[in-house]
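I grabbed these lines from Swiss-Prot:
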- 1-23: signal peptide (SIGNAL)
- HIS38: active site, proton acceptor (ACT_SITE)
- CYS46-CYS104: disulfide bond (DISULFID)
- ASN55: N-linked glycosylation site (CARBOHYD)
- CYS60-CYS114: disulfide bond (DISULFID)
- LYS61, PRO62, GLN63, ASN64, THR65, LYS86, ARG105: substrate binding site (BINDING)
- CYS78-CYS129: disulfide bond (DISULFID)
- CYS85-CYS92: disulfide bond (DISULFID)
- ASN100: N-linked glycosylation site (CARBOHYD)
- HIS145: active site, proton donor (ACT_SITE)
Amino acid sequence: MVLCFPLLLLLLVLWGQVCPLHAIPKHLTRAQWFEIQHIRPSPLQCNRAMSHINNYTQHCKPQNTFLHDSFQNVAAVCDLLSITCKNGLHNCHQSLKPVNMTDCRLTSGKYPQCRYSAAAQYKLFIVACDPPQKGDPPYKLVPVHLDSIL
């Protein structure tokens, strides 16, 4: 039994080093974190925009897509027909029309000096949606994950 505790502690420490890569900052809801990561009404400079995200996670995120639309318009996609997400859940929704977006990809650097390339796109998207949490806008469903770009 005494041997199990140090092993469990080691596993928790190792898990904690991996988990923050996908963890949502504690003071944000999933929808708020989605908005920070993926909603920018106008085109942007990837190095600056990604710096804001990377400051939350303390690492260089390898890739990120920003939708150039409002949170309200993206949330409206949650009212469309549900489809199956990449993870097998049935809470995804596809946009009916393409939107402008910027795809940012890590090219070099280590946090906090992350460098990104930018690619402008005009495509459809699929978002996962969930009921709002306390602090979210009062929609029936809110976007919480950018599942796919088509």
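A Cβ is built for glycine as well, from the same backbone N, Cα and C atoms used for every other residue.
Are these features on the surface or tucked inside, and what touches them?
The C-beta environment of HIS38 (active site, proton acceptor), restricted to residues of the same chain at least 6 apart in sequence and closer than 8 Å, consists of ASN64, THR65, PHE66, LEU67, VAL74, PRO143, LEU146.
Summarising the environment of CYS104 (disulfide bond), the number of other Cβ atoms within 10 Å of its Cβ, over all protein chains shown, is 23. Reduced to three states, the DSSP call for CYS104 (disulfide bond) is strand.
Within 10 Å of the C-beta of ASN55 (N-linked glycosylation site) we count 11 further C-beta atoms, all protein chains included. In the three-state DSSP scheme, ASN55 (N-linked glycosylation site) is classed as helix.
For CYS114 (disulfide bond), the same-chain residues lying six or more positions away in sequence with a CB closer than 8 A to its CB are ASN47, MET50, SER51, ASN54, CYS60, LYS61, LEU106.
The number of other CB atoms found within 10 A of the CB of LYS86 (substrate binding site), across every protein chain shown, is 11. The secondary structure of LYS86 (substrate binding site), as reduced to three states from DSSP, is coil rather than helix or strand.
Cβ neighbours of CYS129 (disulfide bond) (same chain, under 8 Å, six or more residues apart in sequence): ALA75, VAL77, CYS78, ASN91, CYS92, HIS93, LEU141, VAL142, PRO143, VAL144.
Within 10 Å of the C-beta atom of CYS85 (disulfide bond) sit 18 other C-beta atoms, taking all shown protein chains into account.
There are 15 other Cβ atoms within 10 Å of the Cβ belonging to ASN100 (N-linked glycosylation site).
Around HIS145 (active site, proton donor), the C-beta neighbours below 8 angstroms that are at least 6 residues distant in the chain are ARG30, PHE34, CYS85, VAL127, ALA128.
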Once the DSSP letters are reduced so that anything not helix or strand counts as coil, what is CYS114 (disulfide bond)?
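Note: CYS114 (disulfide bond) is coil by DSSP, not helix or strand.
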Using a 10 angstroms cut-off on Cβ to Cβ distances, just flag whichever of GLN63, ASN64 is the loneliest among these binding-site residues.
GLN63
How many other Cβ atoms sit within 10 Å of the Cβ of CYS92 (disulfide bond)?
23
Taking Cα atoms as reference points, rank the recorded positions CYS46, ASN55, ASN100, CYS104 by distance from PRO62 (substrate binding site) and give the first.
CYS104
